[in-house]
Amino acid sequence: MAPAALWVALVFELQLWATGHTVPAQVVLTPYKPEPGYECQISQEYYDRKAQMCCAKCPPGQYVKHFCNKTSDTVCADCEASMYTQVWNQFRTCLSCSSSCTTDQVEIRACTKQQNRVCACEAGRYCALKTHSGSCRQCMRLSKCGPGFGVASSRAPNGNVLCKACAPGTFSDTTSSTDVCRPHRICSILAIPGNASTDAVCAPESPTLSAIPRTLYVSQPEPTRSQPLDQEPGPSQTPSILTSLGSTPIIEQSTKGGISLPIGLIVGVTSLGLLMLGLVNCIILVQRKKKPSCLQRDAKVPHVPDEKSQDAVGLEQQHLLTTAPSSSSSSLESSASAGDRRAPPGGHPQARVMAEAQGFQEARASSRISDSSHGSHGTHVNVTCIVNVCSSSDHSSQCSSQASATVGDPDAKPSASPKDEQVPFSQEECPSQSPCETTETLQSHEKPLPLGVPDMGMKPSQAGWFDQIAVKVA
């Protein structure tokens, strides 16, 4: 027991010795002078070179009003409005808060004595320029991803969105800065498959009765190999048939819409063309009605070709020789006797001119008869036409036009009464001729009259005998 008691006493004495030699902790108050080669003890203190003392800093929200010296510590004061100090400092003044946030920014932290104002961009924009305090100075709109592209989960370093192409099985049909690629619709009956920019289109699960007969035209052909009759179509064939059913009405609708436009255009153009033709015809008819009635003054006789005229001459000659051989001679006699009886005395110049013209006409007829007897031994007819053209409404006083036909035969003798033939009046002998009437005579030297069928082969009449008569009258 003795050694144990000794050991307890020894330990107790050692504890008392340790307690007596301990140094109490010292609290250093500012200002104080640091030991050579050492700095101030804590971060809330600073070394004043002028006083060569360690002095206390001002807490956040305050600034240094008076610096320390060898006998007194630093004196601090609170910051004014719209000013702040955020850390322990030895500033002479507080810092100014940032300006108010713009319209495209949102204030996420207000200005106080201990902190600055912080602004952030509103939704749809990103910060293009930041300050050291974390506030945004300039905001810009986020980029938009078009159809076929979606917004990636990560952002660019400046906060702008990143676009990525939609993977197979997904799509994006919008232009947005927030939409991501969405998966395609899952259809039990697929009508139109989807792609990166459009979603899949599903066919109706219960087809209508009108679409059922179309399965005969759009269904896939059966395999050529023989199969049992009781075998039912597999599940792979049904979707293809129903898919074509769903797509058939869409094709027909687009076809009808495409055909209706050309038909309407063609009908409109045709109607416009017919209307224009009708207007042109009406204008032409109105212009024709306005023209005067007397326009054509030249008597035209159709010309018969040589080949047809030769055949017609033979038939005419045979017909005239058999029917009226004596009538032609009588017409010649009547014309001659009428000229002798109606010849006036020499004292009247107009009568003398008519007599000379009648004698010249008889001489010309006799010469034609002699020429025809030596040449072709046939019957020839000479036609002289006097045409009166008048547009006046007064038809009571018009001179009668006369056509004399002379048929010659070398053996015939004139035997006819002068009463059967009338002597034509000259222009001066027409007493009741109205001013509107004009007499035009077909002259051989200006416009030769085409010979008729009976006149083929005859010699043309002597040119200029009407001119000679006109000279004598003058």
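Any Cβ shown, glycine's included, is placed from N, Cα and C.
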Feature N-linked glycosylation site (Swiss-Prot), candidate list N195, N382, assigned to N195
According to Swiss-Prot, the cysteine among C94, C97, C111, C119 that forms a disulfide bond with C101 is C119
Checking Swiss-Prot: of C58, C68, C79, the cysteine bonded to C76 via disulfide is C58
Candidates C111, C121; Swiss-Prot says the disulfide mate of C127 is C121
Among C94, C97, Swiss-Prot lists the disulphide partner of C79 as C94
From C163, C181, the residue that Swiss-Prot pairs with C166 through a disulfide is C181
Running the disulfide-bonded residues C79, C94, C111, C121, C136, C145 through a 10 angstrom C-alpha radius around C163 (disulfide bond) leaves C145
Smallest number of other CB atoms within 10 Å: among the disulfide-bonded residues C76, C94, C163, that is C163
Taking DSSP H, G, I as helix and E, B as strand, the repeat 'TNFR-Cys 2' (78-119) contains 0 helix, 13 strand, 29 coil
Students should find that the Cα atoms of C79 (disulfide bond) and C119 (disulfide bond) sit apart, in Å rounded to an integer, by 22
Neighbours of C68 (disulfide bond) among disulfide-bonded residues C54, C94, C111, C127, C145 (C-alpha cutoff 10 angstroms), in sequence order, are C54
According to DSSP, C68 (disulfide bond) sits in coil
Spatial neighbours of C121 (disulfide bond) among the disulfide-bonded residues C55, C94, C136, C139, using Cα within 10 Å, are C136, C139
